[in-house]
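Q: I have a structure here, written as structure tokens, and I will follow up with some questions on it.
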Amino acid sequence: MAQTQGTKRKVCYYYDGDVGNYYYGQGHPMKPHRIRMTHNLLLNYGLYRKMEIYRPHKANAEEMTKYHSDDYIKFLRSIRPDNMSEYSKQMQRFNVGEDCPVFDGLFEFCQLSTGGSVASAVKLNKQQTDIAVNWAGGLHHAKKSEASGFCYVNDIVLAILELLKYHQRVLYIDIDIHHGDGVEEAFYTTDRVMTVSFHKYGEYFPGTGDLRDIGAGKGKYYAVNYPLRDGIDDESYEAIFKPVMSKVMEMFQPSAVVLQCGSDSLSGDRLGCFNLTIKGHAKCVEFVKSFNLPMLMLGGGGYTIRNVARCWTYETAVALDTEIPNELPYNDYFEYFGPDFKLHISPSNMTNQNTNEYLEKIKQRLFENLRMLPHAPGVQMQAIPEDAIPEESGDEDEEDPDKRISICSSDKRIACEEEFSDSDEEGEGGRKNSSNFKKAKRVKTEDEKEKDPEEKKEVTEEEKTKEEKPEAKGVKEEVKMA
């Protein structure tokens, strides 16, 4: 499979400003606020100018029940902190209450997370983007009829089901420290989805992901698990990730990839026990991207939230093929990043319990399993089902050039590299002084000038100003409805 280094690819990004308002409860390690921190940091790095930004639709119950059971989704829609006493039996049945608490807006949170992932899949299917990013997604532990590991609705499974409408084979890769059990379980008996998970194994949540778990029935050999021990570092991780993924690509030949970028595999994570730096983690993104396949990048775990924001901001830059400085720009959460206020983190001095012998032994066992695969299974031709999200209306080319563009349209536009330069005050990598960046008036063709008598009149400076683009800062929190 062809690999390319440093190829610029079109990126779209899903974010809803409300996502940071949801709160799992006091002392709970899962903090949706980290998504807002990530968004704010990448805004202040100026990355928003290089990609299309969309606000996800809220996925409805019908979309969710493409995988989840009806009664489970009905329960999630109904349960609230003030009526929990009425649902005590169902809470037990659906594993809601402790790790997966009931909180205000629980179902809306699931709708946003799922909406972004499903909309991303539709965008990729329509070839309207090369890479889609939804940091609010990646909730890989949720089961068909059960919440698990802080996850309620499995947005990944729903996004993959959407991709399967257009793609014969979809590859799922999971670099979260926890095993991607919910996704593996959903596709355990099919040969159209291969799941590959690199995770901590042995007396660690969720307890699954043994090397010998390889799939069943038609899906035999289509589940790949790389069990790891504490303290794995960048060098060891790269030494296993690249050869395993190269072999998987060669044997499975997917036409789309979903990458779950859980950042709890970073050094210093509140719940994790690996020793990866942000650069080491992002090398996985870079390597998968080099295969030049339609790619969905999702969030997942990550409980030292300042490092989550650092990691996902940097990985957004990697997707955009953009270098960003190590010096963090000033942002709304600047004090979180002290005392160094730098983007990158250093590894700790913890011992890497993954010896070269251990890693090599596991790698060879996985290679043996991968050799059992028939090369790229075929799929019977069928009519393509309807998309989960209706076609967007409106053609940009038909917009009236004399009308000020909406903020939604502004967010969707990607700035040319030459269109902006840093203001003197900000320096490299800083936010731009929006008053310095105005869009030139559209130049009319000779034919249009002939038809438009007004064009022959002299246009005053004041009239020109009305044609100018809205200020760049308007993009900050207003994002396009997907």
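Even glycines carry a Cβ here, placed using N, Cα and C.
These numbers come from a predicted model, not from an experiment.
Pulled these features from Swiss-Prot for this protein:
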ACT_SITE  HIS141  active site
BINDING   GLY27, LYS31, ARG270  1D-myo-inositol 1,4,5,6-tetrakisphosphate binding site
CROSSLNK  LYS74  SUMO2 cross-link
CROSSLNK  LYS438  SUMO2 cross-link
CROSSLNK  LYS444  SUMO cross-link
CROSSLNK  LYS444  SUMO2 cross-link
CROSSLNK  LYS456  SUMO2 cross-link
CROSSLNK  LYS457  SUMO2 cross-link
CROSSLNK  LYS473  SUMO2 cross-link
CROSSLNK  LYS476  SUMO2 cross-link
CROSSLNK  LYS476  SUMO cross-link
CROSSLNK  LYS480  SUMO2 cross-link
MOD_RES   LYS74  N6-acetyllysine
MOD_RES   LYS220  N6-acetyllysine
MOD_RES   CYS261  S-nitrosocysteine
MOD_RES   CYS273  S-nitrosocysteine
MOD_RES   LYS432  N6-methylated lysine
REGION    9-321  region 'Histone deacetylase'
Q: Between the Cα atoms of ARG270 (1D-myo-inositol 1,4,5,6-tetrakisphosphate binding site) and CYS261 (S-nitrosocysteine), what distance do you get, rounded to the nearest Å?
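A: ARG270 (1D-myo-inositol 1,4,5,6-tetrakisphosphate binding site) and CYS261 (S-nitrosocysteine) have their Cα atoms 17 Å apart.
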Q: Hey, how far is HIS141 (active site) from CYS261 (S-nitrosocysteine), Cα to Cα, in Å?
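A: It is 14 Å, counting Cα to Cα.
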Q: Apart from GLY27, LYS31, ARG270, which residues in this chain have a Cβ no more than 8 Å from the mean position of the Cβ atoms of those residues at the 1D-myo-inositol 1,4,5,6-tetrakisphosphate site?
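A: Result: HIS28, PRO29, MET30, TYR303, ILE305.
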Q: If you average the pLDDT over the region 'Histone deacetylase' (9-321), what number do you get?
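A: Value for the region 'Histone deacetylase' (9-321), mean pLDDT as a whole number: 98.
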Q: At the Cα level, what's the spacing in Å between LYS220 (N6-acetyllysine) and LYS31 (1D-myo-inositol 1,4,5,6-tetrakisphosphate binding site), rounded?
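A: Given the Cα positions, LYS220 (N6-acetyllysine) is 36 Å from LYS31 (1D-myo-inositol 1,4,5,6-tetrakisphosphate binding site).
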Q: Consider the recorded positions LYS74, CYS261, CYS273 and say which one has the Cα lying nearest the Cα of LYS31 (1D-myo-inositol 1,4,5,6-tetrakisphosphate binding site).
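A: It is CYS261, whose Cα lies nearest.
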Q: Given the recorded positions LYS31, HIS141, LYS220, and counting only Cβ atoms in the protein chains shown, which has the most within 10 Å of its Cβ?
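A: Of the recorded positions LYS31, HIS141, LYS220, the most buried by Cβ count within 10 Å is HIS141.
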Q: Could you say which of the modified residues CYS261, CYS273 has its Cβ with the most other Cβ atoms inside 10 Å?
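A: That would be CYS261, with the highest Cβ count within 10 Å.
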Q: Measuring Cα to Cα across GLY27, LYS31, ARG270, which the record gives as the 1D-myo-inositol 1,4,5,6-tetrakisphosphate binders, how far apart are the two most distant ones in Å?
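A: Largest Cα to Cα distance for the 1D-myo-inositol 1,4,5,6-tetrakisphosphate-binding set is 12 Å.
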